[in-house]
Amino acid sequence: MRSAWSTHRIREAEERVLAVTPDGALMRRAAWGIARQALAMLRERTGGVAGRRVLLLVGAGNNGGDALWAGAFLRKRAVAVDALLLAPERAHAEGLAALRSAGGRVVQAPTRADLAVDGIVGLSARGPLRPAAAEVVARLDAPVLAVDLPSGVDPDTGAVDGPAVTAAATVTFGGCKPVHFLAAERCGALTLVDLGLDLPDPDFGVLDRADVAAAWPLPGADDDKYTQGVVGITAGSSTYPGAAVLATGSAVRATSGMVRYAGSAAEEVNRRYPEVVVTGSVGDAGRVQAWVAGPGMGTGHPARDVLRAVLEQGVPVCVDADGITLLAKHPELWDARDPGVPVLLTPHDREFARVAEPRGIELGADRVAAAKALAAELGATVLLKGHATVVAGPDGRALVNPARSHWLATAGSGDVLSGVVGALLAAGLDPVLAGGAAAFVHVRAGELAAAGAPTSASKVVDAVPDAIRDVVG
Ligand SMILES: NC(=O)C1=CN([C@@H]2O[C@H](COP(=O)(O)OP(=O)(O)OC[C@H]3O[C@@H](n4cnc5c(N)ncnc54)[C@H](O)[C@@H]3O)[C@@H](O)[C@H]2O)[C@@H](O)CC1
Ligand SMILES: [K+]
């Protein structure tokens with residue numbers, strides 16, 4: 001698992017190491033990491049390094065200092081290095097001296113380059129690129145290697161509110177920052193240079209394939225259809241039977257355990273998935289180990305009563321879509337649950353706001369903080385959908401799942417996710433891990449279904465087994 005720390009935590013840890021490290025040693029280690037990556041990129045793109053051209057974009061602080069030192073190292077490999085100083089009077093003095101004495105040039109306007117190094121702004125970045133930097137960046141045609149993070153993107157939230165760098169690669173130092181996962185597409189390939197920092201618990205973790213494989217429940221020799229966890233789905237309505245078919249189908253594809261469906265779309269569900277045991281109501285459904293409630297179920301009083309019946313059953317519940325709206329409209333529904341039993345909400349932004357705003361929690365740029373605050377307030381796990389999905393538990397733990405493509409932005413995609421979450425909750429996974437692993441497999445299924453062209457939620461459902469195979473295989 002990779003982890004991310006907000007900038008103030010990285011800074012505190014850096015200061016402890018700086019206090020016991022010779023002056024400039026940390027910066028030179030960081031700069032050497034940049035130089036190595038630059039050499040690798042030059043080799044890969046141009047077949048060599050000697051005589052290739054690198055343009056350094058140098059801002060006012062230590063981020064620019066890193067770039068200047070990296071330029072000095074590159075000169076030693078006979079790379080031609082030009083430095084464009086965006087705040088000449090505040091450029092890092094030692095770094096500039098090192099570059100000059102290694103034969104680097106200071107230029108007044110961008111020069112032709114095989115690679116640009118973005119040392120405009122790093123940990124202290126606030127807001128988008130200022131106009132002078134924005135103009136230079138807009139005119140670049142070389143690939144960009146970002147020092148620490150792509151300038152103009154908020155380091156702690158990944159928010160982009162104006163001109164910003166899109167890097168082909170980023171080299172960061174000491175520990176990853178939230179931007180690296182919340183705006184992964186701006187960072188390109190990420191490398192971490194170890195600075196020997198003693199870091200506290202991270203702000204959030206990022207599951208990799210091996211973590212999801214280790215967590216994914218696989219049937220053993222002694223398992224039957226009941227022991228792997230029975231999933232109950234209550235979803236759909238006469239207006240929206242499709243949501244029931246998608247969520248149920250996705251649970252069927254995600255587990256070899258049993259799936260039950262309770263609701264008014266029983267016939268449609270059974271026609272498509274004969275292996276599902278269907279009934280008209282939650283009360284008649286029989287025992288399940290977890291429920292998924294909400295997709296397309298409506299927001300009227302009958303749906304409210306169904307949700308209450310589900311919450312009263314004392315098993316983990318994934319509440320999605322209309323279920324979330326019902327919880328916002330009828331906060332007393334929370335009283336129906338046993339507080340010791342996990343509830344996992346899977347809101348998109350508008351659903352999140354419906355539940356959070358009456359409780360004084362705003363969904364601002366810091367999506368991780370907002371999801372954590374709502375999870376703590378509700379005593380429930382919150383999976384906030386978005387380009388990067390955030391899963392926050394009531395105990396302060398959080399996971400982020402960066403998306404790698406946009407194909408999952410399609411109608412019914414959320415119903416598919418909730419079915420996978422349900423399968424994992426029924427198997428007994430911790431809800432934060434269930435949310436994180438489900439989001440991971442959901443993204444993979446989306447990629448497989450799309451294969452580079454628009455797809456549909458039904459196709460994503462069908463791709464779930466391939467996605468699981470791809471992860472656990
Ligand atoms: N602290 C350390 O020990 C280390 C720091 N390192 C580098 O130092 C960086 C942090 O350096 P600094 O704290 O000096 O600050 P930065 O270099 O991030 O920023 C410098 C100044 O830029 C200005 N600025 C802020 N937002 C801007 C924007 N949008 N457009 C233009 N200018 C803006 C501000 O005046 C800010 O003080 C890290 O990102 C990393 O690259 C590395 O050398 C490793 C060691
Ligand atoms: K930067």
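Even glycines carry a Cβ here, placed using N, Cα and C.
Please treat TrEMBL annotations as automatic predictions, because they have not gone through curation.
The shown structure was predicted, so the numbers you read here are calculated from the model rather than taken from an experiment.
Positions annotated as (6S)-NADPHX binding site by TrEMBL: 62-66, 122-128, ASP148, ALA243, GLY296, HIS348, ASP415. All protein chains included, GLY65 ((6S)-NADPHX binding site) registers 27 other Cβ atoms within 10 Å of its own Cβ.
Sequence annotations record features per position, and here TrEMBL assigns K(+) binding site to ASN63, ASP118, SER151. The 10 Å shell around the Cβ of ASN63 (K(+) binding site) contains 25 further Cβ atoms across the protein chains shown.
Under a cutoff of 8 A between CB atoms, and with a sequence separation of 6+ in the same chain, the neighbours of HIS387 (AMP binding site) are GLU185, PRO402, ALA403, HIS406. Under the three-state DSSP scheme, HIS387 (AMP binding site) falls in the coil class. TrEMBL lists LYS385, GLY386, HIS387, ALA388, THR389, GLY414 with the feature AMP binding site.
Here TrEMBL flags 6-203 as domain 'YjeF N-terminal'.
The domain 'YjeF C-terminal' annotation in TrEMBL covers 208-471.
Checking the binding-site residues ASN62, ASN63, ASP118, SER151, GLY386, THR389 against ligand 2, the ones whose Cβ sits under 6 Å from it are ASN63, ASP118, SER151. Checking each of the binding-site residues (ASN62, ARG126, LYS385, GLY386) against SER151 (K(+) binding site), the C-alpha distance stays within 10 Å for ARG126. Within the set of binding-site residues (ASP118, ASP148), the lowest number of other Cβ atoms found within 10 Å of a Cβ is recorded at ASP148. Straight-line distance linking the Cα atoms of HIS348 ((6S)-NADPHX binding site) and GLY414 (AMP binding site), rounded to a whole number, equals 9 Å.
For the binding-site residues shown (ASN62, SER151), fewest C-beta neighbours within 10 angstroms: ASN62. If you take the Cα of GLY386 (AMP binding site) and the Cα of ASN63 (K(+) binding site), they are about 30 angstrom apart, rounded to a whole number.
Distance from the CA of ASN63 (K(+) binding site) to the CA of ARG126 ((6S)-NADPHX binding site) is 13 Å. Just so you know, of the binding-site residues GLY386, GLY414, the Cβ with the fewest other Cβ atoms around it within 10 Å is the one at GLY386.
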